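What follows is a short report on a single structure.
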Amino acid sequence: MGSIWEYANPKKFIATVDRVLPFVAGLAVLSLVVGLIWGFFFTPEDYRQGSTVKIIYLHVPSALMAINAWMMMLVASLVWLIRRHHVSALAARAAAPVGAVMTVIALLTGAIWGQPMWGTWWAWDPRLTSFLILFLFYLGYIALWAAIENDDTAADLTSVLCIVGSVFAVLSRYAVNFWNQGLHQGASLSLDKEENVADVFYHPLLVCIAGFILLFIALVLLRTRTEIRARRTRALLARERMT
Amino acid sequence: MSLKVVDLGVARGGVPVLEGVNFAADPGEAVVLTGPNGVGKTTLLRTLAGLQPPYAGKIILPDAEAIAYAGHADGIKAVLSVRENLSFWARVYGHGDIQPALEGFGLIDLAERPAGNLSAGQKRRLGLARLAVTGRPIWVLDEPTVSLDKQSVAMFGAAVRRHLDGGGTAVIASHIDMGLPVRVIDMTPFRARASVSRQYDEAFL
Amino acid sequence: MIALFLRDIRLAVRAGGGFGLGLAFFLIVIVLVPFAVGPETALLARIAPGILWVGALLACLLSLDRIFALDREDGSLDLIATSPLPLEGVCAMKALSHWVTTGLPLVIAAPVLGLLMSLPSEGYLWLVVSLALGTPALSVIGTFGAALTVGIKRGGLLLSLLVLPLYVPTLIFGAEVARAGATGLAVETQLVLLAAVTCVTMALLPFASAAVLRMNLR
């Protein structure tokens, strides 16, 4: 086992993905099925929120992954800018639509949950607003990737956008907090036992979160592999035109 | 002030176009690069100018701020007069006097005209006059004689000669004889071959 | 560097359009609002600070793509990049000249338009202060967006998509100052936060702009 940077070689990366992807995808499906069925059918109803609380098994993991996907893109962008590993740039590119979809799922399930709880589909609550802004950042990032023809330039520019965007996303989060104190309940998960959801809800939730993480990894691996192949095709076509 | 290029490889849009380019240009010497369209002359010159990094090899310069670059576009603002255009660049490069440049390129009578009213050839002359106000020793010129008539080509040739006589150097991509003693280097043999590396992926340079 | 600033101002004044366009756009947006929400004075007075801020922000957006695109088209950007000017300074100067030709006129015109929106008399001072503090940030952030999209043909729409989310903190704090001012509340906290956002963007973003500009010129 050499250094982790060996996987920055596209060929090595693809070979590894070919081997691991079935396991990751299988595990993702397994934990999602177990977690969701456990959560939906084998947990008691909350004494205040009734059965609506069960949407937590989609809402919380997708919201977590919406943020984690951006974090992963940030790290990948930094790796690209510092070490210039193409796989890293393409992984960031591959993660963006997945993260955007996670954001949409979090927003939609939040709206569906909010309707019975707060009596409204949407409120300009800080958390909701921050997620909407995060979604806009994803859109801009994806659009910039799509708009630039040269792959390396696109990777460079989107990496800088990702870094600058992260700073502004954090700024926006605090600005939004300042602007409106909200309806949203505190974090569902925290290290403080008092604050936490009860254990009966907690365990299936952890399984669901693991499932979403694995799903995200599987999708990003798959999409990165596709991006590498697409990139190779473009390079070969360009070369053919040249000679 | 000599320019030296060692084993230089340049890429356009992520695809290598030229590789293994070696030449040196000493003070008082002009190097003319030729070759068919698309061979990579513009890319090479942009690399020399520092607008893009080489993907292989080295460019050895006496100091980092030695090169004055003139590309296909002249960077002329249509609403400014010829004098304003030129004195802007003179101020950017920290030289006050634009009179010699105006004289050298026959722009004295046009000095107060808005640059937008100039003919294509006159604009080109204004673009090249900018080189004279940079005060830099190495001129890197991409097709400088495009849209110049015979008289203007001679005028330009004289300006390059003055520059060379003053110990300057020039690297020019051109096919037109400017009446100068130059060293011509054909770029065709340096065309990058599509080599497939077993070690790494050819899509990623 | 000052030469570049003077040239850009001169270009904006001479080329026509560039200078007054943002201002005219601001006016039109503000005139359209009462048509859309109704002429009721109390309502207009209530939404005036926010509408004026959004109008100013959109007017700023309008001229962003001119910051680098014109220089790119005629080749000056290549020549500036090979000149002795540090690109970071070029970006800062570009933002400054954008602010002088767009942001500053907006700040000056805002009280007049506030009149149209029946802004309460306490609000004028804080509206002008908030715009004067906030619009420089809009120009600096916009310059970054313009540098990102300079290589893209018809990148105007993309530029808006990229820049608008980045405008959120400035808009929130700026409009917060104007709103609190108009209702006679304390504005210190908001004002400090707005100033902080502006200072941070002005200090850091020119470097990011220069970096993406270099990438775009390759």
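Each Cβ is built from the backbone N, Cα and C atoms, and glycine gets one as well.
According to TrEMBL, the domain 'Cytochrome c assembly protein' annotation covers A:15-184.
Annotated transmembrane segment per TrEMBL: A:20-42 (among others), in sequence order. Residues 54, 56-58, 201, 203-212, 214-215, 217-218, 221-222, 225 of the same chain lie 6+ residues outside the transmembrane segment (A:20-42) yet bring a C-beta within less than 8 angstroms of a C-beta in it.
Residues of the same chain lying 6 or more positions beyond the ends of the transmembrane segment (A:62-82) and with a Cβ under 8 Å from any Cβ of it are 88-89, 91-92, 95-96, 98-99, 102-103, 105-106, 109-110, 131, 134, 137-138, 141, 155-156, 158-160, 162-163, 166, 169, 209, 212-213, 216, 220. Under the heading transmembrane segment, TrEMBL lists A:62-82 (among others).
Marked as transmembrane segment by TrEMBL: A:94-116 (among others). Listed by sequence, the residues of this chain that lie at least six past the ends of the transmembrane segment (A:94-116) yet keep a Cβ under 8 A from its Cβ atoms are 50, 52, 55-56, 58-59, 62-63, 65-66, 69-70, 72-73, 76, 122-123, 128, 131-132, 134-135, 138-139, 141-142, 145, 183, 212, 216, 219-220, 223-224, 226-227.
As annotated by TrEMBL, transmembrane segment applies to A:128-148 (among others).
As annotated by TrEMBL, transmembrane segment applies to A:160-180 (among others).
Residues or ranges marked as transmembrane segment in TrEMBL: A:200-222 (among others).
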Using a Cβ cut-off of under 8 Å, list the residues of the same chain at least 6 residues beyond the transmembrane segment (A:128-148) that approach it.
63, 66-67, 70, 73, 93, 96-97, 99-100, 103-104, 106-107, 110, 122, 154, 157-158, 161-162, 165, 168-169, 172-173, 176, 180, 182, 184
Taking a Cβ cut-off under 8 Å, which residues six or more beyond the ends of the transmembrane segment (A:160-180) line up next to it in the same chain?
70, 73-74, 77-78, 81, 92, 124-126, 129-130, 133-134, 137, 140-141, 144
To what whole number does the mean pLDDT across the domain 'Cytochrome c assembly protein' (A:15-184) round?
90
